[in-house]
Amino acid sequence: MDVEETDNQKEMKREEEGGEGYRDGDLQESEDAMSNNDIIPSVCSLRPEMGTEEEFPTSYKENSPHENQLLEMAENFRCQYVHLHPERKPLLLCPLNECGTKKFVSTTLQPTLLSYPELYNWHGCASFVCDHLCLDPLDPPSSLPRQLFSPTWVLQNQRGSSFDFSTLLCSFLLGAGYNAYCVSGYAVKEMCLLDQSRQDCPLKVRQEKEWVEEEKKQSKKYSVKPPRDLRSGFQKQQEARRQAEVEAMMAQKKEEEERLREERERPPPDPLLGQRVHCWVLILAGSREVPENFFVDPLTGKSFSTGDPSFLGIESVWNHQNYWVNMQSCHNGCAEMTFDLSDATRWEFLLPGDIALLISAMKIQQESEDLEEEEEEEDEPKVFEMPPTWVKPIAISQRDMETRCPGGKKVIMYRKAKLEKFAPYLLHDGMVTCLTTFTDLECKYPNAMRQWFQNRQDRLEERELDVVTNMTLERFRPGRSHALKTHRYVTMELETERQMEFYSHARADGLAERQELPSEMTESFQERSDFLYYRHVIFHERLEKAVAKELQDQEHRHVKKIVERFHRDRSKPANEDVAERVFLVSENRIELTYHREDDRITAAWRSFVKPSNLGDTKNQQPFTPEMVSIYQVDPFEKPSKHLCMYELLVALTKEEETVVHRVMESEAEVWEILATRVQEESNMELLISIYNTARNEKARLHREALERMANEERLRQEEKELDFLVPFLNRLDTPEIQSRQLALQLRNDCLAALKQQIIDKTNLIQARFEKETQQLEEKQQWYQKNRLSMTKQDEEEYLSFCSKAMFQIHTLKLRLSRQKEEAPQKYQLLDQTLRQDPRLARFL
């Protein structure tokens, strides 16, 4: 529908014509910044291509009388504002919607609370809006948009200006119970163009904070005091002075480098500083336990304080109930502004509030008393309320909620970092987020990559890759085989450097960590019944590199030395509780170190030399006292007997065999884990819930099979209903026709049934015809008898009855004649059909 242009629109057109010189120069730089954040450059004031206008509801194309009255009030308010403040920029009051209809901005808001828990708080709403939409920057950037699209159109097309972003976000926040407002004002260039290339990535900052917190947790409150420093005090002073001078020089050099870096990274001056129009959301304190006022930028989903220097000024704010114009100075941005909207000296409102209602009611009452005292009652003044929204209810499908980003993918460029977001199940490996960090501002040379995964069958949750060292760290969720938690490696080849962490509570052996080097392996345990917590194995170096290409074709390495350490077992005396056990396999020796008693400074130890052929009764080397070395802390303690030492040696020898076997099992477990990881990466599979009918292939095939069976059953039923022989075949003992006599009998029975059906139908029509004729004759006889005493109404009823009766008689007469004409044709057609039936054709 045609809409007459207002003075505001004409002024905006004049500004656009005058801004062509800027678009030729500075806009090119803006477009370069836009390309870094998936912005779709387009002129948002142009009318969208979204089907025909018939597809929109009537409220999108027409205004109600209540809305027309509001538009008149808004135009009056605009005229007064322009007259009183000619130096200020125009206000955004009644832009066009997608159908070209003028709508007041407050009625474009549609407070909505959806059933997704993520949208119950402001952070989730802002995150969804910034991920789901693409930015159409304002053109020219210093003018208000001529069109403000409905939130439903914005959701469907996943694009819009900052005003469209804010309208959608404010609708969600109002539905969630926040005291939210759309703000029209001015911001810096980077915020208006969604240029985050000079900001640190939030994920990177969060990761650095986690590392710092982990380091703080690792620091112990109590530690061993360092040894006393016996150096000269003068030498220490001289060394400290030299160290201070070096540190000062380093600090000065670092400050200089930092200053130069800031100068290089500092953006060029913006010729439109303070004139770039932007729209964001204001959340006031009070509702939903919000402690203080703050801004939310819908383009990035981040929160800012009301004094943030990125926001340079405010023209107006509005919600679904009213519209306010800022009357405060913005020379210092928004830092000194007061957001008490009830203060009429700082915020000029469009619709009157409770105070204006009270004043107008008092004036009307005084005038009515002075002019007409005889008047009984005066109508109470009514306040003009904001019309209901013209936007249809907002709905977000589960698919859109899951896909989030347009096309399921979004790329955001930060300072020396690139953040990629993907929808679940979009990539075959299940990756949903990828953070790549670079060493240069141009983001050409990566140094690290961090990936997050979902729905992977191998339970992989996160992967970190250091490009410089080629070190990879993988993290897994609980529930994986071998209870693997993390895996750090350079390559998947065997006998290389790697580190594995396990969920110790999920393993029977309590293994918590395993570190492996080409010739060493170290394992850590937790909460074992034998108090073992550490095992270190040293292997013999292979004479030839025997690491096979296939992970299954491996040979165990020969053990050279095994060191095991145990926690204190309070049920045993300290001199009998082993603290460290060393198996020197290559030297045929075993060393034991016991725990130190609380009142001792040294610990007891024993060293055994294994005799050759131990256990062989024929060729066994005799066990002599020289094969045992013992140190006892208490000199008055009785020495152990020779037989006891021999039995201990035999037990330790058997324990050595057991430990070596466990080491071989650990090697085999590493081989199995690596082989499984190689197979999982080559044959990637994603987990799909049984409730996800859209992606669950088994559920889809089962559903299609049920539908196919239902259709086949329906077709069979239809065929049975159209089959003439089914009622007669059901009477037979056998469902198959095996003789000519039986075929002739079926044919004759079928034809006789048709003949009887035709006769019954003909008799029924004849009976109805005779009944209608008899009723008409009786009515005519009644009329002849009572014709002289009948009223006009009785005559009209008689004529109406005769007309209907004649019509019924004529219709029945036609049906009877048609029945008699078609009966032979039906009989002949059935006979021909039966002769062509494959079940009877071979016998007839």
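Yeah, the Cβs are placed from backbone N, Cα and C, and that goes for glycine too.
Feature annotations, courtesy of TrEMBL:
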| type | residues | note |
| --- | --- | --- |
| COILED | 696-723 | coiled coil |
| COMPBIAS | 7-26 | compositional bias 'Basic and acidic residues' |
| COMPBIAS | 252-268 | compositional bias 'Basic and acidic residues' |
| DOMAIN | 276-348 | domain 'CEP76/DRC7 peptidase-like' |
| DOMAIN | 406-689 | domain 'Dynein regulatory complex subunit 7 MORN' |
| DOMAIN | 739-843 | domain 'Dynein regulatory complex subunit 7 C-terminal' |
| REGION | 1-38 | region 'Disordered' |
| REGION | 216-269 | region 'Disordered' |
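The predicted model assigns the domain 'Dynein regulatory complex subunit 7 MORN' (406-689) a mean pLDDT of 88. Secondary structure of the compositional bias 'Basic and acidic residues' (252-268) per DSSP, as helix, strand and coil residue counts: 14 helix, 0 strand, 3 coil.
Helix, strand and coil residue tallies for the domain 'CEP76/DRC7 peptidase-like' (276-348), in that order: 3 helix, 29 strand, 41 coil [DSSP]. In the domain 'Dynein regulatory complex subunit 7 C-terminal' (739-843), the DSSP tally of helix, strand and coil residues is 92 helix, 0 strand, 13 coil.
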